[in-house]
Amino acid sequence: MYFSSSMMASVSLSMNSSSFLLTGFSGLEQQYHWISIPFSAIYAMVLLGNCLVLHVIRTEPSLHEPMFYFLAMLALTDLSMGLSTVHTVLGILWGLSQEVSLDACIAQSYFIHGLSFMESSVLLAMAFDRYIAICHPLRYSSILTHDKIMKIGVAILCRSTLLIPPVIVRLKFLNYCHPHILSHSFCLHQDLLRLTCSDIRFNSYYALMLVICTLLLDALLILSSYVLILKSVLAIASQEERHKSLQTCISHICAVLVFYIPIISLTMVHRFGKHLSPMVHVLMGNTYILFPPLMNPIIYSVKTQQIRSRMLRVFSLKIY
């Protein structure tokens with residue numbers, strides 16, 4: 001693995017302290033001022049895009065419906081993901097700081113993994129919304145009441161925040177005997193485990209259980225909901241009605257793919273890509289963190305007519 005001279009100079013300091021060295025684009029340090037331009041633009045788009053979605057849903061009474069409440073939850077999750085990583089990613093590229101304390105690293109790891117579980121849960125709730133809307137349209141308003149949506153939101157929040165602390169808190173008490181150099185420009189649980197000499201069986205098994213009970217289970221339930229949706233749509237006689245029903249699911253299907261493809265790819269790189277260049281790890285990590293928050297506002301503004309028309313109205317008001 002290749003490390004820059006500035007990184008190697010900091011290793012001895014990091015080995016004897018509770019700080020860790022974040023990894024930027026190794027070997028391209030002289031180009032950071034150029035690399036920071038697209039990354040700054042991406043973060044600006046993440047923040048502005050998700051804030052705009054939240055603003056449109058909040059201010060437009062016609063969007064105060066279950067589907068758009070769940071979309072607001074998704075935008076809030078994506079916005080939080082951007083805010084939780086912007087200071088370390090841009091901090092490296094802008095030359096501000098490449099070191100992070102153990103406590104700050106653990107906190108960032110908690111937010112990143114918690115927000116990933118939250119996004120998965122919101123996507124599952126959105127799949128349930130589409131299932132009820134298409135398979136049981138007459139009962140839609142009676143099933144997804146404001147009270148039910150609030151309870152679903154609280155359940156998502158509890159599931160995403162209360163299951164993680166046992167594995168994250170334990171990171172504080174592990175012995176980190178390997179060089180304190182992380183694989184990404186932000187902190188991940190599995191990345192910290194790679195640097196420890198302590199017994200990590202609890203962390204490994206608990207983390208695996210969490211992934212199975214959240215990400216994998218959610219993916220299977222989302223797939224099952226679309227099997228039922230497809231079965232219901234195929235039973236519709238009118239081809240025009242079939243197309244109209246499926247069209248309401250396109251945005252959600254894109255959001256699911258945008259979330260799961262990067263997270264699966266990053267997992268594969270961590271598990272089987274130890275021989276790959278550090279650049280691949282950095283690129284995959286940044287894709288996992290930035291791609292869903294960047295793409296979701298674009299997907300929903302392009303594919304959802306109600307959101308698109310309201311956004312165009314907002315921009316036309318600003319221009320005139």
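From the backbone N, Cα and C atoms, a Cβ is placed for every residue, glycine too.
Feature annotations, reproduced from TrEMBL:
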- 49-300: domain 'G-protein coupled receptors family 1 profile' (DOMAIN)
- 37-57: transmembrane segment (TRANSMEM)
- 69-90: transmembrane segment (TRANSMEM)
- 110-128: transmembrane segment (TRANSMEM)
- 149-169: transmembrane segment (TRANSMEM)
- 205-229: transmembrane segment (TRANSMEM)
- 250-270: transmembrane segment (TRANSMEM)
- 282-302: transmembrane segment (TRANSMEM)
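Per-residue confidence over the domain 'G-protein coupled receptors family 1 profile' (49-300) averages out at a pLDDT of 91.
Of the candidate ranges 37-57, 69-90, 149-169, 250-270, 149-169 has the most C-beta pairs within less than 8 angstroms of the transmembrane segment (205-229). Sequence-distant contacts of the transmembrane segment (250-270) (same chain, at least 6 residues past either end, Cβ-Cβ under 8 Å): 74, 116, 119-120, 123, 126-127, 130, 190, 215, 219, 222, 226, 276, 280-281, 284-285, 287-288, 291-292, 295-296, 299-300, 303-304. Counting only same-chain residues 6+ beyond the ends of the transmembrane segment (69-90), those with a CB under 8 A from a CB of the stretch are 22, 36, 39-40, 43, 46-47, 50-51, 53-54, 57-58, 96, 100, 108, 111-112, 115-116, 118-119, 122-123, 125-126, 129, 149, 153, 156, 185-187, 255, 286, 289-290, 292-293, 296-297, 300, 304, 307.
Long-range neighbours of the transmembrane segment (110-128) within the same chain, counting only residues 6 or more positions beyond its ends whose Cβ lies under 8 Å from a Cβ of the stretch, are 67, 70-71, 73-74, 77-78, 80-81, 84-85, 152, 155-157, 159-161, 163-165, 168, 186-189, 210, 214-215, 218-219, 221-222, 225-226, 252, 255-256, 259, 263, 289, 292. Here the transmembrane segment (282-302) has long-range neighbours at 23-26, 39, 42-43, 45-46, 49-50, 52-53, 71, 74-75, 78-79, 81-82, 85, 89, 112, 119, 183-186, 188, 251, 254-255, 258-259, 262-263, 265-266, 269, 308, 311, meaning same-chain residues at least 6 beyond its ends whose C-beta is under 8 angstroms from one of its own. Long-range contacts of the transmembrane segment (37-57) within the same chain: residues 63-64, 68-69, 71-72, 75-76, 78-79, 82-83, 86, 89-90, 93, 286, 290, 293-294, 296-298, 300-301, 307, 310-311, 314, each at least 6 residues beyond the stretch ends and with a Cβ under 8 Å from a Cβ of the stretch.
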